[in-house]
């Protein structure tokens, strides 16, 4: 086992004593690493101090005995400049290297490099700004750290990356614009930055970038339709240098189809409104949306999408009015604007209502007369009757004249009548005014004569009783008036059944 002993000083009675102590194995490993890093740190620090001390001895005191660098040239790049010079003729032992100067923003030369090699002839300055003017000078550094006279000032302008050529933009995409351009032939170009002008600030802002020099297209999405946008493209090098912007290219999103014109709606079709309109020219139009509302200023809802230029709105209600707007739609689902003023349509109104001009009872029959309607739409009339012992309404159909006779009436029963006209489509008019008619019960007169043998008053004590009876045997008697009434009830009920069976519903 490896044992490591360390010694430390202890003070006892104001005297120093050296004391030995043992470090365990794991602790010894940690101790070894600690000593190693301390040594490295010390060596690096010494080296840095040595270099710093050498550079710090360079001063601006000029040694006129040192030669001046005559040939000092530069080769600029976009963010760096390379320098080349010739070693001055003479004793190389008289100087130890070169110092490079660059003017700062205040016009003062500042040391930017100390080349500690008298035979060195090249240097480069990096992290510069593209298309920027710089001024440099070079001098020798002698053994005593004095410098020679500076060379002539070298003015250099950093280069720039060639701007992107031939930027194109689309003009027919919905909600987006495609930007594409020619790739840069310069291999230092890493990618491209795409900018769009902000209409509010009138400045270009970055909206995206590519990831390769050969990636030369970009889509700007989420745009408003029918609007122009301005774009430009900037090349970017691997060290972050930017080219001058390209020329501005104008792109435009696709405009919505034109507004539909010539909308027409019918008002003479039964149970329907026919709507048609003028077509929109253009191969990209795929159909039309029909919008409807119950009133002119109400909210319009989408009724249908059709590929033709017409639509039939089926409505069961007679004389119903609706308002229509139509929009065109293209393959990009762009929709034209709705019309400012809608088009009104209406289903066929009911025919004119008859007016009853006379109603009476004649010969125990109801006689009803109404005016003749001079309208080619009218084909016939229908009379509706209600009364009797039934709640149902009797319908007397296809009356070709302007009068009606009801011969099937019961005495003492009130009947209600109204008349409607019917057109060729079977549409009934509104009902006429309802009239009521009835046949009064006939008063019965007392019969003073005997009807025949075996006939006598039902109540001998009541001489005012008009009823008579037929006496058959001692246990049975029949009242003749009751028999007549029962017979009438049967006949009228039978007639109602026949009338009900003969009703025709249009």
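Note that Cβ sites are derived from N, Cα and C of the backbone, with glycine treated the same way.
Look at TrEMBL and you will find 437-446 tagged as compositional bias 'Polar residues'.
The annotation compositional bias 'Low complexity' is assigned in TrEMBL to 457-469.
What TrEMBL records for 66-161 (among others) is domain 'Fibronectin type-III'.
Per TrEMBL, the feature domain 'Fibronectin type-III' maps to 162-256 (among others). Helix, strand and coil residue tallies for the domain 'Fibronectin type-III' (162-256), in that order: 0 helix, 46 strand, 49 coil [DSSP].
Predicted-model confidence for the domain 'Fibronectin type-III' (350-442) is 92, expressed as mean pLDDT. According to TrEMBL, the feature domain 'Fibronectin type-III' maps to 350-442 (among others).
Here TrEMBL flags 437-473 as region 'Disordered'.
Under the heading transmembrane segment, TrEMBL lists 21-44.
Applying DSSP to the domain 'Fibronectin type-III' (66-161) sorts its residues as follows: 3 helix, 45 strand, 48 coil.
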